[in-house]
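Read through the structure below, which is laid out as structure tokens, and then see the notes.
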Ligand code: SF4
């Protein structure tokens, strides 16, 4: 073991309740209906998870028009707009909605505010599937605000009827800065009824903040299109990590990252199975960083029931309709 070399392992990290539910939904759909089961978009934003499910018979498509009429299709954890639901129905598809309930909550808020003739400023990344889905609930009432700088210039029709909502996987600090700047311009801006940035995103950011300043290097396990994983790299750097990188797999760790490094912080995004973190820890141990201390800032025990189409004994579920997976 390298003298003085250590790993600080953030907790909570990895799978959240919404990702767990979505992955189990595809597994159960394969068990119940047999392969192939079609999935619109990546079920969760993780390369490894998608490859594993593909190997078991899941077929990932970009849009429902690529699914044969009458087949089963799973909607991903990021949610879909009503237009996608209609398109699936028009093709006679058997839809299984694995949208995370915390994303559905934001959809409902959007529908309610639109019905109330509010103008909704949706803070998020315009090209992200979740934002496309939420914005599709009320396209005439929603304007996407992509950054604090965008808040300085975005135009609204009636500043007295403006409310903000957000994507679930943003940086908490940056979102609050966007809201602050929106409020400077629109003092009557209304807040959402509860946090839109989900518990898992917030908890993983709090945990990495705790270890960032003590870390010469932070490694975030997660995929490039995983919003919450990319945010963890940014938050680590903002809170004092000397360097921070994202990797999908342990073999992507570059030797020169470790030069002069005593403490490596490790965490993972909400769509990352723990096996990938274990492989990173094994690679670090091989490089002399075998001393691992977990730093926990919150406990998580939330679980969501499976989509209603998959509940019941026939799917091999427990009495609560849960998949029975144990999360790290
Ligand atoms: S990151 Fe949050 S919103 Fe997204 S699936 Fe997980 S719990 Fe749901």
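Each Cβ is built from the backbone N, Cα and C atoms, and glycine gets one as well.
No curator has checked TrEMBL annotations; they are predicted automatically.
In the three-state DSSP classification, residue 130 (active site, proton donor) falls within a helix. Taking a C-beta cut-off of under 8 Å and a sequence gap of six or more, residue 130 (active site, proton donor) has these contacts in its own chain: 78, 79, 103, 124, 167, 168, 169, 227. Annotation source TrEMBL lists active site, proton donor at 130.
Per TrEMBL, the feature [4Fe-4S] cluster binding site maps to 16, 100, 198. Its own atom aside, the Cβ of residue 100 ([4Fe-4S] cluster binding site) has 26 Cβ atoms within 10 angstroms in the protein chains shown. In the three-state DSSP assignment, the secondary structure recorded for residue 100 ([4Fe-4S] cluster binding site) is coil.
The annotation (2E)-4-hydroxy-3-methylbut-2-enyl diphosphate binding site is assigned in TrEMBL to 45, 78, 128, 168, 226, 227, 228, 271. DSSP gives residue 228 ((2E)-4-hydroxy-3-methylbut-2-enyl diphosphate binding site) a helix state.
For 45, 78, 128, 226, 227, 228, 271, the entry in TrEMBL reads isopentenyl diphosphate binding site. The local packing around residue 271 ((2E)-4-hydroxy-3-methylbut-2-enyl diphosphate binding site), expressed as other Cβ atoms within 10 Å of its Cβ over all shown chains, amounts to 32.
Residues annotated as dimethylallyl diphosphate binding site in TrEMBL: 45, 78, 128, 226, 227, 228, 271. Note: residue 226 ((2E)-4-hydroxy-3-methylbut-2-enyl diphosphate binding site) has non-local neighbours 45, 46, 169, 269, 270, 271, 272, i.e. same-chain residues 6+ apart with C-beta under 8 A of its own C-beta.
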Among the recorded positions 45, 78, 130, 226, name every one whose Cβ is found under 6 angstroms from ligand 1, counting any of its atoms. none
One should report the C-alpha separation between residue 228 ((2E)-4-hydroxy-3-methylbut-2-enyl diphosphate binding site) and residue 16 ([4Fe-4S] cluster binding site), rounded to whole angstrom, as 11
Within the same chain, and leaving aside 45, 78, 128, 226, 227, 228, 271, name every residue whose CB is within 8 angstroms of the centroid of the CB atoms belonging to the recorded dimethylallyl diphosphate site, in sequence order. 44, 130, 169, 223, 225, 229, 269, 270
CB neighbours within 10 A of residue 198 ([4Fe-4S] cluster binding site), counting all protein chains shown, number 25
